[in-house]
Structures are given as C-alpha cells and as structure tokens.
Amino acid sequence: MLKVDKDMDFSLKCSRDPMLKVDKRIWDVRLWLILYQNIKQTLNSHVRSHKNINKVNKILKKMVGILVDEKDSGESEEALLISFAATPTNIISYQQIPKDTFHLAYIIYFTLGAGYLLPWNAFITAVDYFSYLYPDASVDRVFAVVYMVICLICLFGIVVYAHRSNSYVRINVGLVLFMVSMLVIPIMDVLYIKGRVGLWKGYYVSIGAVALAGVADALVQGGVNGSACELPERYMQAVVAGTAASGVLVSVLRIITKSVFSQDAHGLRRSANLYFAVSIVFMAICIVFWNLVDRLPVIKYYKDIKRQAVNEHKSEKVSLTGSAWRSTLWDIVGRVKWYGFGIVLLCIVTLSIFPGYISEDVHSPALRDWYPLLLITCYNVFDLVGKSLTAIYLLENTKVSVGGCVGRLLFYPLFLGCLHGPEFFRTEIPVIILTSLLGLTSGYLASVLLILAPKSVQIQHSETAGIVLVLFNVVGLAAGSAVSWFWVI
C-alpha cells in the first residue's frame with residue numbers, strides 16, 4: 001500500500017490556497033512523484049542489473065513527465081531543473097526561487113567575464129611598448145603562441161580532472177596568478193628595465209608572465225564558464241557579455257592613451273603601465289566578487305539543485321572514476337560537439353580577419369593611424385551589442401545557430417573586395433560596416449551557442465560541459481591565429 005493520502009491532502013490544500021501561489025501543474029507532478037519514488041524504491045530492491053535499473057528509471061521519469069530527454073537541447077531551462085527541484089521534499093522551494101536582488105549576481109558574473117580576458121588584452125594592447133623594448137623579437141606572435149599553448153594544455157588537464165577539483169579553489173588560485181602576472185611587468189619596469197632597450201632578461205621574464213597568465217586563464221575562464229553553466233541562462237549571458245565589455249574597455253583606454261600620451265618611448269611606457277594598473281585593480285575586484293557570489297541566496301539555491309543531482313547520482317552507485325569517468329566525459333563531449341564546432345568556426349573566421357587584417361591591410365588617408373583603432377573599437381562595441389542581444393531574444397535552434405557560423409565564411413570574399421574590389425568598397429564606410437557586422441555576428445552566435453550547450457547535458461555535468469566549451473574556444477582561437485599568419489589577401 002502506497003502512503004500518499006497525507007501528501008495528497010497537503011497538495012490539494014496548497015493548490016487551493018492563493019496565498020501560497022503554487023502552480024497547480026507542479027502539484028499534479030507532486031502526486032506522480034510520490035508514486036514514482038515508491039515504485040522506484042521497490043523496483044531497485046529487486047532489479048540487480050544497473051543497466052536495467054537505469055532503463056526502469058527512464059521509463060518512470062517519462063511517466064512523470066518532468067525529465068527532459070538529455071539529447072533534446074530545445075526544452076526550456078525550467079524543464080531541465082524541475083527534474084531535480086520538484087521532489088516530494090523540495091516542491092515548495094521550487095516555487096520560492098530567491099530573487100537576484102539589485103541584479104548583483106548578474107553584475108558579478110558580468111565582471112568575472114570581463115576580468116578573465118582583461119590580462120590578455122593588457123599584454124596585447126601594450127605590444128607597442130614591448131616591441132620598442134625588444135625590436136628584434138616578434139613580440140605579438142610569441143605572446144600569442146605562449147599564452148594559447150599554455151592555456152590549452154592546462155585546459156586539457158582541467159577537463160580530465162574536473163570531477164576531482166573544486167571550481168571555487170581553481171578560480172581563486174587563477175585570479176591570484178593573474179594578479180601576480182600583471183604585477184611583474186610594472187615592477188620590472190621600475191626596478192630593472194627603466195626604459196632601456198634590449199635587456200633580454202626582461203624579455204624572457206615578460207614571456208614567463210604571459211605563460212603564467214595563460215595558466216590563470218585556463219583556471220579562471222574554465223571555472224567561471226563552468227559555474228555559469230550550472231545556473232539559469234542569464235548568468236552565462238552575463239559572462240559572455242562581460243568578455244565583450246573587456247574589449248570595449250581596452251579600446252577606450254587605447255583611445256585615451258593615444259590622445260593624452262605622446263607616442264615616443266616615454267608615452268608608450270606610461271600607456272603600458274596604465275593598462276596593467278587597471279588590470280590589477282580589476283583582478284582585486286574579481287577576487288572580492290567571486291568570494292561573495294556563493295553567499296547570495298539565488299546562487300545558493302541553484303547550487304543546492306546541482307548538489308542534489310550529484311547526490312542522487314552517487315546514491316545510484318554510479319562511479320565517476322577511471323574508465324567510467326572517461327566514458328561520461330566522452331558522452332559530454334558528444335553532446336556539445338556541434339556547439340563546439342560552431343564556436344571553433346566562429347573563432348577561426350574572426351581571428352583570421354581581426355585584428356591582423358584590420359590593423360595591417362587597410363588604410364585611410366583621412367584617418368591615418370586612427371583608422372585601425374577606430375575599426376578595432378567598432379568590432380568590440382558591436383561584439384558587446386551582439387552578446388547583449390541574447391538577453392532580449394535567444395535563438396534556440398541549434399541547426400540555425402551552427403549554420404550561421406558556417407555562413408560567416410562569406411566575410412572572406414567580402415573583406416577581399418575591400419582590398420581588390422571596386423573603388424567604392426575600398427573606402428572607409430564599407431570596411432567599417434563589415435567590421436561592425438563581423439563583431440555583431442560573432443558576439444550573438446557565440447553567446448547563443450554558449451547558452452544552449454549546457455542544456456544538452458544533465459545538471460551534474462553542466463560544469464564539465466562549460467569547461468569543454470572553453471576548450472573548444474581556445475582551440476578555435478589558436479587555429480584562427482594560425483590562419484591569420486598564412487592568409488594572404
């Protein structure tokens with residue numbers, strides 16, 4: 001005999017009480033859940049085969065009607081979470097989701113997104129200063145190779161051992177490493193370089209600082225994206241928009257330094273120190289924010305949902321060690337592979353054109369050396385616009401999103417026309433429009449893919465899925481940088 005009378009009475013009472021504001025659909029689900037839990041306990045005690053238990057569980061959950069098919073990424077976020085939130089002991093808490101007061105959690109994730117890209121932007125924006133100090137070195141290319149290779153290697157390790165590590169610790173360690181790498185350059189400039197050219201020990205120390213920033217990027221970017229994947233989609237949108245805001249901030253700083261400081265050795269030195277000073281302050285803010293965010297009620301609520309999912313997974317005696325974890329990891333990769341393909345393609349098309357082509361191959365007699373800076377700023381601003389648009393409208397069709405990434409290959413012949421096409425296409429306006437569209441499409445599609453991908457896996461694996469997506473992103477950045485070296489328009 002199933003003991004459901006008391007719960008049924010309580011359910012019906014709550015569904016009739018307007019003060020409790022309980023969705024009747026949820027309480028209908030509750031009645032099914034009571035039945036489901038009893039049947040599940042009975043069957044699990046009699047069915048020895050773990051595979052058969054899983055089959056029974058899937059059938060029962062389909063009867064309840066709350067489990068989203070794990071291969072269907074088109075279902076709503078509510079449906080993904082309800083399978084873990086709507087349990088007999090937790091059904092009321094599902095209806096009492098804490099509010100994000102003053103949008104503080106959103107602001108924190110936005111800031112963290114900007115924070116983990118700012119150190120790299122500082123290094124690459126100060127490349128004129130480094131090129132002045134070390135004129136015989138290809139500073140920008142060496143920095144890019146070192147940073148991306150180190151970041152890629154570290155990300156592989158993080159993905160493999162994600163189930164054994166703690167994102168809270170990883171991100172804190174990464175933020176501290178970011179701060180150390182940022183402090184190295186201005187301290188070395190004051191104590192050792194002092195504006196002198198050709199001190200190659202300083203060059204190797206600078207490369208070491210870039211490598212350290214690459215390690216920090218893997219820890220922070222993987223952790224922040226993974227953490228955002230465990231939350232509703234608006235928080236991933238915040239992280240992605242934050243990365244674009246980082247580019248806008250650097251562009252604004254570059255415009256200020258170009259306007260205020262002279263472009264001689266002294267001016268370049270002051271500009272570089274400003275970039276690193278801003279980055280250091282930003283890292284300190286990120287450290288405070290990251291240690292604050294887990295204390296917010298809304299974040300605690302969703303972390304508890306994930307914790308329940310993990311505990312349920314463990315209660316079913318599912319091992320996440322050795323071959324079992326590798327199998328789970330490959331399953332996660334398989335579920336997000338098309339999103340990853342789209343991200344890689346986005347990065348290849350974007351990086352093969354921006355910023356190399358934009359800063360080196362197009363010229364304007366009227367705007368002169370302000371022209372590349374204007375184009376880079378246009379790209380960054382429209383990248384931010386694109387990544388912000390997903391807060392208004394999210395394209396939830398994976399095929400269309402990936403198809404849009406493929407369609408961006410059309411930018412190659414269009415930009416080619418800006419160099420060798422009719423005279424009108426070689427003027428400033430067409431190039432500015434194309435550059436803005438390049439940023440807009442890159443921002444919007446990247447945001448869509450990063451928001452949709454975590455919905456294709458179970459919530460207990462969403463953090464790992466986020467780290468895998470970062471891995472795809474870095475692979476795309478590395479491939480795009482390589483293509484930009486050999487692409488001759």
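Every residue gets a Cβ built from N, Cα and C, even glycine.
Please treat TrEMBL annotations as automatic predictions, because they have not gone through curation.
Model, not experiment: these values are computed from the prediction.
Here TrEMBL flags 106-130 (among others) as transmembrane segment.
What TrEMBL records for 142-162 (among others) is transmembrane segment.
Within the chain, the transmembrane segment (168-191) has long-range Cβ neighbours (under 8 A, six or more residues past its boundaries) at 115-116, 119, 122, 126, 158, 202, 205-206, 208-210, 212-213, 215-220, 222-224, 227, 269, 272-273, 276-277, 279-280, 283-284, 286-287, 290-291, 294. The transmembrane segment annotation in TrEMBL covers 168-191 (among others).
Under the heading transmembrane segment, TrEMBL lists 203-223 (among others).
Look at TrEMBL and you will find 235-253 (among others) tagged as transmembrane segment.
The annotation transmembrane segment is assigned in TrEMBL to 274-293 (among others).
What TrEMBL lists as transmembrane segment is 338-358 (among others).
Residues or ranges marked as transmembrane segment by TrEMBL: 370-394 (among others). Beyond the transmembrane segment (370-394), the same-chain residues lying 6 or more positions past its ends with a Cβ under 8 Å from any Cβ of the stretch are 233-234, 237, 240-241, 243-245, 247-248, 250-252, 254-255, 258, 354-355, 358-360, 362-364, 428, 431-432, 435-448, 451-452.
Residues or ranges marked as transmembrane segment in TrEMBL: 400-419 (among others).
Here TrEMBL flags 431-453 (among others) as transmembrane segment.
The transmembrane segment annotation in TrEMBL covers 465-488 (among others). Beyond its flanks by at least six residues, the transmembrane segment (465-488) meets 141, 144-145, 148-149, 151-152, 155-156, 158-159, 162, 218, 221-223, 225-230, 332-333, 335-336, 339-341, 343-353, 356-357, 449-450, 453-454, 456-457 of its own chain at Cβ-Cβ distances under 8 Å.
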Check: Is the count of Cβ pairs under 8 Å between the transmembrane segment (338-358) and the transmembrane segment (274-293), pairs 6 or more apart in sequence, 3 or more?
Finding: no
Note to self: What residues elsewhere in the chain lie close to the transmembrane segment (235-253), defined as a C-beta under 8 angstroms and at least 6 residues from its ends?
What the structure shows: 105-107, 109-118, 121-122, 125, 224-225, 228-229, 274-275, 278, 373, 376-377, 379-381, 383-384, 386-388, 390-391, 443, 446-447, 450-451, 454
Note to self: Looking only at the recorded stretches 106-130, 142-162, 400-419, 431-453, which one has the largest tally of CB-CB distances under 8 Å to the transmembrane segment (203-223)?
What the structure shows: 142-162
